[in-house]
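Residues or ranges marked as domain 'tRNA synthetases class I catalytic' by TrEMBL: 35-343. Feature annotation from TrEMBL assigns Zn(2+) binding site to 43, 237, 262. If you look up TrEMBL, you'll see 43, 44, 45, 46, 58, 81, 82, 83, 233, 255, 256, 257, 289 marked as L-cysteinyl-5'-AMP binding site. Residues or ranges marked as motif ''HIGH' region' by TrEMBL: 45-55. Per TrEMBL, the feature motif ''ERGGDP' region' maps to 192-197. What TrEMBL lists as motif ''KMSKS' region' is 295-299.
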Ligand SMILES: Nc1ncnc2c1ncn2[C@@H]1O[C@H](COS(=O)(=O)NC(=O)[C@@H](N)CS)[C@@H](O)[C@H]1O
Ligand SMILES: [Zn+2]
């Protein structure tokens with residue numbers, strides 16, 4: 001699948017320290033890089049209601065990680081999927097009287113535009129689930145052959161004697177090692193996030209769907225020995241990560257609403273397929289962005305869309321700055337005031353950088369690097385720039401090169417083009 005144009009990334013003298021991130025699985029602050037090249041798998045959108053502020057916060061956060069990793073001397077191999085087939089997409093298409101493929105195409109195009117406007121560096125590989133389905137069939141058959149997965153009769157399938165296929169979570173001794181939820185905690189969110197705990201014939205209520213036999217009116221693909229049907233959600237990310245990056249990946253990224261079941265399950269599937277004892281060196285999660293007291297989500301429909309703000313003439317750099325002003329690890333509420341503050345901050349920075357000199361900026365660049373290398377502490381990075389700008393505006397400065405150095409650092413490290 002086509003991604004979007006890569007923004008120019010200026011060179012900045014020096015380099016960031018080794019980046020450390022808070023790993024959800026261990027709870028520890030760990031180095032994001034475990035070798036020279038860093039492999040990064042970030043879950044992509046399910047293409048409808050794109051691109052709301054929650055999506056944008058997530059992709060800007062992992063864009064920041066990619067930028068500071070490159071700046072610290074690590075090439076990054078970045079892969080992202082698109083869940084362009086799944087129940088929620090089919091349900092939304094149904095609700096809006098659209099063909100699900102048209103809905104996906106329209107929303108992916110909008111997402112590309114928004115990512116481009118927000119100066120998000122595209123993944124090296126951008127894979128749709130639909131185009132990748134042929135690569136899921138073999139691995140699912142292998143999971144069955146190796147005893148990790150089993151068939152459940154599907155009496156409502158369109159073909160007599162058809163079966164769905166489920167992953168047996170009781171076979172995985174490390175199940176729960178990502179979310180650290182107990183069974184009750186898992187059961188609390190499993191159903192609302194795509195699980196089917198009450199499905200007849202499953203060995204364990206938390207077992208996850210790997211392959212769904214064709215039902216009347218649903219799209220279907222050739223599943224070879226699995227029969228005609230379509231893949232489950234979690235196996236998609238496990239297979240794409242395995243095929244395009246290898247398991248373990250260095251970093252698995254996503255929002256905190258993916259910790260369970262999605263990253264727990266894709267980790268279980270990926271470890272079973274690869275034989276690796278871990279799915280990722282670290283799991284990094286973006287806190288939930290809300291609006292008016294509730295998580296911004298499609299089901300609630302309380303969405304602030306990047307494209308709508310852009311259409312109203314809001315500078316995408318102000319949107320990005322508003323997102324960077326909040327630490328990625330915390331949940332937070334989007335307010336219009338935050339956008340106004342970000343616009344004001346951008347104006348102040350632009351004015352301070354427009355002079356033909358300024359205070360020496362080397363320390364400011366070091367402070368930005370140190371903040372981002374410390375679990376992507378973007379609020380602290382922005383405060384360093386605020387200090388330089390207020391000094392430049394109040395006392396001026398005699399370093400003619402300072403605005404250029406700092407302007408390039410803002411672009412390369414924060415993705416903020418002045
Ligand atoms: N309100 C929110 N705040 C922060 N991140 C969010 C919010 N809503 C969704 N996200 C994140 O945005 C990304 C895309 O979400 S999504 O469109 O629902 N798609 C999916 O979760 C799957 N396609 C992942 S394979 C996910 O990482 C999700 O955790
Ligand atoms: Zn995913």
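Heads up, the Cβ atoms here are built off N, Cα and C, so glycines get one too.
These figures come from a predicted structure and were not determined experimentally.
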(request) Check the binding-site residues 45, 82, 237, 289 for other C-beta atoms within 10 angstroms of each C-beta and report the one with the most. (result) 237
(message) What whole-number Å value do you get for the CA-CA distance of residue 262 (Zn(2+) binding site) and residue 45 (L-cysteinyl-5'-AMP binding site)?
(response) 13
(request) Could you tell me which of the binding-site residues 43, 45, 233, 256, 289 have their C-beta within a distance under 6 angstroms of some atom of ligand 2? (result) 43
(request) Determine the most Cβ-crowded residue among the binding-site residues 58, 256, using a 10 Å radius around each Cβ and all protein chains in the structure. (result) 58
(request) Please work out the helix, strand and coil residue numbers for the motif ''HIGH' region' (45-55) from the DSSP assignment. (result) 3 helix, 1 strand, 7 coil
(message) Is it possible to get the count of other C-beta atoms within 10 angstroms of the C-beta of residue 43 (Zn(2+) binding site)?
(response) 24
(message) Quick test of your reading of the structure: among the binding-site residues 58, 82, 256, whose CB sits under 6 A from ligand 1?
(response) 58
(request) Filter the binding-site residues 82, 233, 256, 289 down to the ones within 10 angstroms of residue 43 (Zn(2+) binding site), Cα to Cα, kept in sequence order. (result) 82
(request) Compute the centroid of the Cβ atoms of 43, 237, 262, then list the same-chain residues not in that set whose Cβ lies within 8 Å of it, in sequence order, for the Zn(2+) site. (result) 81, 83, 233, 234, 236, 252, 254, 258, 263, 266
(request) Indicate whether residue 237 (Zn(2+) binding site) is helix, strand or coil by DSSP. (result) helix
